[in-house]
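Colleague: Here it is, the structure, as structure tokens.
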């Protein structure tokens, strides 16, 4: 069953985002595992591109002595990753509906805790997009340094492209994403293997920045510990994205939980392998990566020195230099997978938005699925927020990373804690029924470890990043939290207001109609025609005289045309139409008792969006005022302008009156038939 | 006669912008001459703040040799100013309706020439705001260098303040503006007198930048001439604002033309005096002002050197140093009058917008006067455009000046040329009637000189500024020109479409009503109630089933409540409501002949703007689709939420049904009475 009206705008939309799908096609939109891996794993996998370098950057501030701690810090990060993957695997099984950490916290720790998680995740999804795009652009510029000036513009263009791709729907998106993701995994694995072999055979070159050295800083022990913790915190950015699978369980094909769990484990394994491999090569090629290139000793012109990303330097060293095919493959796939990592957020955010919308913590509009069964509003809001953030921070990765991962670790911590409560309740339930609780206790231990670890990381991350920009996140989270609570209370209040109770009486009576006439053109004539057809008990035409000459001309025209409907002309000392009209209606209702008054007003319908700037403004203001007047209903009589031709394409429309006489399908067409 | 509804929003608006005024109060809003001078003169007067320095800046590029030409260039600028004032004086008399250069060009040179002027002026008004605000902020920072980082934010705040002041209406604005303008005139005059006296007595100190010197550049003669011309072009920014009086003649009190002319002459005289005085002092105190401070010899740390504006340096030198009262007075009044010079544009732009709207070259919305008899849309559009421009250029005065005055000189040139044509036609008319034409010929000579002078300046300005940014203006002007022409042709086409002709037939008949029901809450019950009251020939309730459980529940509730209206449930394989509904209506019309179908839909009315994000979205989409369906009228039945309480303040509203029985004024109130 095709839609009645084909729109030219819809044609353009279809080109951009594909034909509409019926609800039954939903199953086909669900993900196979091998398609799901790229979608959900691109975030954690792409962290491999920047987590090692951010880790090194912070250690390098302490000089060569601290850089030696890199393997230790990296090991801590890997351990935490394993803990989080295992804990989330349990969560997915226990709460397969897709609410993720939010649902766990809401059900086990209370509404307010759930909203904390929701606000944290929403913010972090935006940051995921921003960080991934910034990092991707970094890598593009590492390969093509001439584009340096256009950082922000390229970043915004990438966000726009991601929005467009995601409006096309998940299944389409996954095809686009699968190839670069697998290429990335493949090329980095190849790089690691090649690098490992060359290292073992002693033929591993050093990176381009190996000839420099950090300035050794004399640090107290306390300061050293702080630097180590900050480095650990930055390295933990490798964990982001794991929670998105928990939000996306429903997007998998059946058996949904099992597939989600398998994908989760696969994702974790690959991520660990790549992270360890890149870090290893980073150390073996003696990469030096610092916050401020001028602090490197041995560097000649630090103003013009373009510090390339760690992955770029490692790939260049390992695979045969800047001109080698391997280098360009790694750079290209890294940039692509970073851009696509942003896509993990484009899956998680709208899904979370819909969950919140269903629970009335977000506008109901978040539930609206577009033609492609995608939560379009969520996609658009995420794109806009990420774009603004990139604009505000000049697409600077280092700035953005300071804001990052706070939200994720709030979510992890509360999610794991919620799971602990969940298993505790389950254990009580089982023991009450005399069943074994050992399995449950074991699961609970896992989540206890997870909660403890992530809360420690949360504290570390908060303390180390607070003054560097994280305070902003701690400002925004309560704001979002508050807004969501207010929206929920608002919808609840409205529900109460509109719930039917015994007090509602029928019995409005009386039926007066007014036709608003400004000049006697076709739209006005059509409105009069419709009002006559509805056979109201009484009918009058009303003109509000904003100029005397206009009123006189109308009266003359009225009499000339011999209009059967009586014309009332109202004075208007103010410039507006609404007030005299409302006064007139009120006095009518005072005289005739409270009748229902229907106000007929012609309403232009046009084919192009910009025509909206040129029409219907005055009518909109009048409508708003009339809505506040008791007993009034506004009847919009549409007048289709010629531009709506575009919307009708090939539908013939009979002349006024002809259709009624049984004649149809005649050109020329008048679109304003009765 | 008070408006029926007092709105809380209106209360806030009233605080911000004052109580609404009836049309008859318009006379009191017109300007006295002494109030008019500040309003219209603040633009030319404030140019005194930056014209001398921009002139010097360009000459300084050629070294000390070219700086010696400053008096010559300044004299040329003053001469041109006199010519323009005299020419405009004639224009004001000949075309007192306020169309200014636009009207002159349109009436004498044709529609397209008029639109060229209109586009040039619109762009230049935006630039006036941007340049004045940027210069004002410059002066603020010259007095308080610590604010340097917040340039753009301060500039945007100033624009916002100007918008708010102007929404309050002209008479109010003039009181605010009069004091700083007169203070500025007074303090600069005092500064000039003091400086002159000190100079004559040999006790004039030098400016702080006197100890530096420009690097002498070896320039060819052609290059020297070019530099002189560029300096002249920059100095001509002192002429901007003169045309605004021509747009504002109707804003004066009677006799309008004479008052406008007197104000014009007064304005010109004061501007010339201040310009000459400041330039004289600038030279005598040996100010050095350059584009790049690092090019000055004798300067130690050019990165941190804050180059203060010429007015600041002259005031400091003349009036006793940076801590003197005189210095702060001059700085403060200069900053204020620059900000207020932006206000000249806030008078000219909306007036021009209204003139264009009346002639259908701009959306009719430009004619809408707000509560305070101000063209609110024009004010808002100008504020937004200027804000965006400041944002894009980082509030940099030197960048903005390159775009400036092109539009003004296009306007001057075409206006003067139009006047020449005007006088020529008038001379022919007079000589055909045998009357003397000498006076007319004399007037024509004045305008010929004016046209020649301004066209020469236009060429100079274009050539010298083109590569520095003026190309942007030459890009935007045709775009605006094209848009205005298209809007005019569009409105004309619509007029043709809706003009009544013999083909319009009455005779829609049949009267079917549909009530859209989603759930059976109070708004839906009210809609059913109104539909029943209107006593349509046939009535049915329609529910589009987006979920089976919802449909079942509704059917059950319908039967439980014993609703008299038949309920039809439509399937919806797609997720939308519109398509099944439209199919249903079409099949009804196929069966019963083309009846008028009224679709009743409940429509939430709320008291706060943000509630709009939470309601009525789906209804809006349905309305749009229904408007394209022939024979359908949409009836909006308002349901007032509790938040509209704010809008009603102290109006008691009777219970449902009670009012009809003659009982009224009882609390508690239900706002949804029949």
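A Cβ is built for glycine as well, from the same backbone N, Cα and C atoms used for every other residue.
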Colleague: Ranges A:20-41, A:262-283: which does TrEMBL label transmembrane segment?
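Modeller: When A:20-41, A:262-283 are checked in TrEMBL, transmembrane segment belongs to A:262-283.
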Colleague: Checking feature assignment: transmembrane segment per TrEMBL, candidates A:137-153, A:154-170, A:290-306. Which range matches?
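Modeller: So the range that TrEMBL calls transmembrane segment is A:154-170.
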Colleague: Pick from A:87-112, A:217-242: which stretch is listed in TrEMBL under transmembrane segment?
Modeller: A:217-242
Colleague: I'd like to know if the transmembrane segment (A:445-463) touches the transmembrane segment (A:55-86) in this structure, counting it as a touch only when three or more C-beta pairs sit under 8 Å and are separated by 6 or more positions.
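Modeller: As far as Cβ distances go (cut-off 8 Å, pairs 6 or more apart), the transmembrane segment (A:55-86) and the transmembrane segment (A:445-463) touch.
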Colleague: Sort out the residues at least 6 away from either end of the transmembrane segment (A:328-352), same chain, that have Cβ-Cβ distances under 8 Å to it, and list them.
Modeller: 38-43, 45-47, 49-50, 98, 100, 102, 118, 121-122, 125-126, 128-129, 132-133, 135-137, 139-140, 142-143, 158-159, 161-163, 165-166, 170, 173, 177, 180-181, 183-184, 187-188, 191, 241, 243-244, 247-248, 250-251, 311-312, 315, 319, 366, 374-379, 381-382, 386
Colleague: Give residue numbers and ranges for long-range contacts of the transmembrane segment (A:399-424): same chain, 6 or more residues beyond its ends, CB-CB under 8 A.
Modeller: 50, 54, 84, 87-88, 90-91, 94, 100-102, 104-105, 107-109, 113, 116-117, 119-124, 127-128, 130-131, 134, 233-234, 236-237, 239-240, 243, 246, 389, 393, 440-441, 443-444, 447-448, 450-451, 454-455, 457-458, 461-462, 465, 468-470, 472-474, 477
Colleague: Counting Cβ pairs closer than 8 Å, which of A:177-197, A:217-242, A:373-393, A:445-463, A:469-485 has the most of them with the transmembrane segment (A:113-134)?
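Modeller: Checked against A:177-197, A:217-242, A:373-393, A:445-463, A:469-485; highest Cβ contact count belongs to A:469-485.
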Colleague: Considering only Cβ pairs within less than 8 angstroms, which of the stretches A:154-170, A:177-197, A:373-393, A:445-463 has the most against the transmembrane segment (A:217-242)?
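Modeller: Per the Cβ count, the answer is A:445-463.
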